[in-house]
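Notes to accompany the following structure.
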Amino acid sequence: MRMDRIVLAGDLAGTMVFAAEGAMAAIGRGLDVFGVVVVACVVALGGGIIRDVLIGDTPPSAVRDWRYPALACLTGLALFAARHVLRPVPAWYPLAVLDAAGLSLFAVTGAEKALSRGLVPLGAALLGMVTAIGGGVMRDILVNRVPMVLVSDIYATAALAGALVVVAGHRLALPGRPVACAGAATCFGLRLLALHYGWHLPGATPPS
Amino acid sequence: MRMDRIVLAGDLAGTMVFAAEGAMAAIGRGLDVFGVVVVACVVALGGGIIRDVLIGDTPPSAVRDWRYPALACLTGLALFAARHVLRPVPAWYPLAVLDAAGLSLFAVTGAEKALSRGLVPLGAALLGMVTAIGGGVMRDILVNRVPMVLVSDIYATAALAGALVVVAGHRLALPGRPVACAGAATCFGLRLLALHYGWHLPGATPPS
Amino acid sequence: MRMDRIVLAGDLAGTMVFAAEGAMAAIGRGLDVFGVVVVACVVALGGGIIRDVLIGDTPPSAVRDWRYPALACLTGLALFAARHVLRPVPAWYPLAVLDAAGLSLFAVTGAEKALSRGLVPLGAALLGMVTAIGGGVMRDILVNRVPMVLVSDIYATAALAGALVVVAGHRLALPGRPVACAGAATCFGLRLLALHYGWHLPGATPPS
């Protein structure tokens, strides 16, 4: 029960911040109202749908529970309505923070839902990562560009680190809520620090 | 039983028209016989596979029932065989009508199958839309271009409108067959009128 | 039992060769260590995940069984560590052979797993093909290029031929292991012969 409520609260919060991030990115590219709502829904619901299909929990929450699509659509519509207010804001900084927040929330809820389904630890950590990056990868594939996950190195790594914290806490039988917070903080902090200081993983060739 | 037969008939008809549309598009781009059959199958079967995976009806009809892949392959082969006859026809008009027909049929069958699985109305309408646009989105991703759904505004909207008619008819307990026809007519008419008159949704920026 | 062990052995071997192929391709493009591991995992696990989702065997082996992701990650890491040794080797030839080997192994195991789930022969052959080409298609979509399967004609065809041999052997109740070997040999031989002699399928237009 406790675990379920953490998953639900994190999922809904992640849905809203990812929908906001997707909508702001779509507004920045001049899409119409439907495009903005579609991109908001893809980013917000894509990762959870992939997670639920992979663990066999179908239909996915995103279509079974009306709160997920309604929240994503309304967030997209609200930001579209407020687009003239948002435009002057330099886009990249709030986008990056929203994206890191969504990444952290979904990495944690993905790993927890996978654990509650009895997946092995490595599988649960990978599913947490996939839940976190899935929506963004689907968005990048739709708008026909190389997914950020392949060009920005401490992105999926941060999601994986957050999911690993959750998995480790579960193995050590630590209480669920502090572990979830620690996992989200690990992912969020690692992602923002990497952005701020320009951290990179060891590469096969120097970046050209 | 009645509902099942409407879904089956609509699905098979949609499979054939989408396979024809995919094959004609592939022939127009000069693909060989295998490429034509692959594109025909992706457009014809993609949406239904996504729908069946999302509602948990696996294996999807497209691999469980031999009629779907056989119909898609044969349609692709037949159009490939007739390609010298087809070539002189200016491609865009029959393609657009076939595409609108497939869109309407799949929007209706997707929503009905989702309702028969007990999905909530909003989820069923979204699944109808996803079923209708799924095959085309997969085709556009494969041939590496931005999906039509993001650049042509009254496309997914038309599918959603058709699916909403089906969902509303179901809520009002109206008889299944007329509701299915009304949903398909709504989607088909809306799509063709939008094409003919160049209708657009309100956009964040004027089209450049 | 026999069938299960053939599927498992073929799957693990295919996972390793596809992971090696993906890692070498990623190293050749200068990706960092995480990118190399991600591409290795996508190529190695993508086809099997699609197969398991389609036949409803969720969670897929790739996340339920720790050996699959561990093997793919370790293969990627090992090749990354050895990248200075690998660099001088002209990349295309070992890549093409590894790719053909992975294609053959997954075409056979995909068809066998689908048959063991009671799919109709045509569905099982198509699933074998999808299992074999799925990882490569996902890789090409991620790095934003047209999938090889649409431009290189005797590729998916070879996978389909191998899967058809397995399905035919199953219909004739022939013993499982020789049939699996014959299927893999058909696919592997056909792919390498097509590469070596530049075989093409009949095309709608001469290649330009």
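Glycine too: its Cβ is placed from the backbone N, Cα and C atoms.
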Item to complete: With TrEMBL as the source, identify the stretch among A:58-77, A:118-137 annotated transmembrane segment.
Response: A:118-137
Worksheet, complete the sentence: Counting only residues at least 6 beyond its ends, the same-chain positions whose CB falls under 8 A of a CB in the transmembrane segment (A:92-111) are 6-7, 10-11, 13-14, 17-18, 20-21, 24-25, 43-44, 47-48, 51, 124-125, 127-133, 135-136, 155, 158-160, 162-163, 166-167, 180, 183-185, 187-188, 191-192, 195
Item to complete: Quick one: average pLDDT across the domain 'Glycine transporter' (A:97-170), no decimals.
Response: 87
Practice prompt. Tally the residues of the domain 'Glycine transporter' (A:97-170) by DSSP class, grouping H, G and I as helix, E and B as strand, and everything else as coil.
Written response: 61 helix, 0 strand, 13 coil
